[in-house]
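Trainee: Features from TrEMBL:
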- 39-288: domain 'G-protein coupled receptors family 1 profile' (DOMAIN)
- 24-46: transmembrane segment (TRANSMEM)
- 58-77: transmembrane segment (TRANSMEM)
- 89-118: transmembrane segment (TRANSMEM)
- 130-152: transmembrane segment (TRANSMEM)
- 198-217: transmembrane segment (TRANSMEM)
- 238-258: transmembrane segment (TRANSMEM)
- 270-290: transmembrane segment (TRANSMEM)
């Protein structure tokens, strides 16, 4: 029989046990968080203030920036406070709240990237019908649908965890309340937990990724039919930023979950989680602003107006 305990709080994994590294980690994560918030706020301001960017593509981008701010704010501030106070404790309610918000924003990121791939598919493969297909009503509906499906996933995890008041352990092998870690701590058998994890993972990971891959298959087929090399470059350049963000998001996300399945080292999982939860939201605004002429010109116009 397993030793089960009633848990009122959980203990998170510390990023480093070395005392000399704590001030460096505090400064590093605080600066990364500030860059994430400011970078994504700039994208939001540029899109909302410039009428040239009031298109479906930039509507989805501004929503992605807002979600990235919320996603980062769910995890990083608590991590910074933990480094500062040397405390790794999070209450049961606080842990479930963090897990719920993490799932909502991670899933929304996932679905918005899929919706953005569909937007690029319509723009390149059906350019004449683009304004009709990607109407403001459809764009709003797709964002709302992404939120509702993400909320459903969050509540599903909550219902599973709330069934258990007793856990195998109070120690979570990550610096935040990772849903997969919490499922591992429940007193149900590992086989059932794996079925739940892989079913939810397939629905919320593989289906959106399949949609993105199918969209890009159609996009590449259409681009290859364009005669001029200049036309090919112009068509594909609108997808470059989105494709980079997709690779970064899915690369780090799969790194976390495949790494945790193959390796039992918590430290490797933590490193992959930092990439997924901290670095990716910080890099997204840079990828879009550096690779996108419209965003750069909107930021210049915004700067000249304020100057």
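Using N, Cα and C of the backbone, Cβ positions are placed for all residues, glycine too.
Give me the structural setting of these features: burial, nearby parts and distances.
Mentor: Long-range neighbours of the transmembrane segment (130-152) within the same chain, counting only residues 6 or more positions beyond its ends whose Cβ lies under 8 Å from a Cβ of the stretch, are 56, 59-60, 63, 103-108, 111-112, 115, 118-119, 122-123.
Residues 57, 64, 106, 109-110, 113, 116-117, 120, 123-124, 180, 201, 205, 209, 212, 216, 219, 269, 272-273, 275-276, 279-280, 283-284, 287-288, 291-292 of the same chain sit 6 or more residues outside the transmembrane segment (238-258) yet have a Cβ under 8 Å from a Cβ within it.
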Trainee: Establish whether the number of Cβ pairs under 8 Å between the transmembrane segment (270-290) and the transmembrane segment (24-46) reaches at least three, counting only pairs separated by 6 or more residues.
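Mentor: With 3 or more qualifying Cβ pairs, these stretches touch.
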Trainee: Taking a Cβ cut-off under 8 Å, which residues six or more beyond the ends of the transmembrane segment (89-118) line up next to it in the same chain?
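Mentor: Answer is 7-12, 57, 60-61, 63-64, 67-68, 70-71, 74-75, 78, 142-143, 145-147, 149-151, 153-155, 157-158, 161-162, 172, 176-179, 182, 204-205, 208-209, 211-212, 215-216, 242, 245-246, 249, 253.
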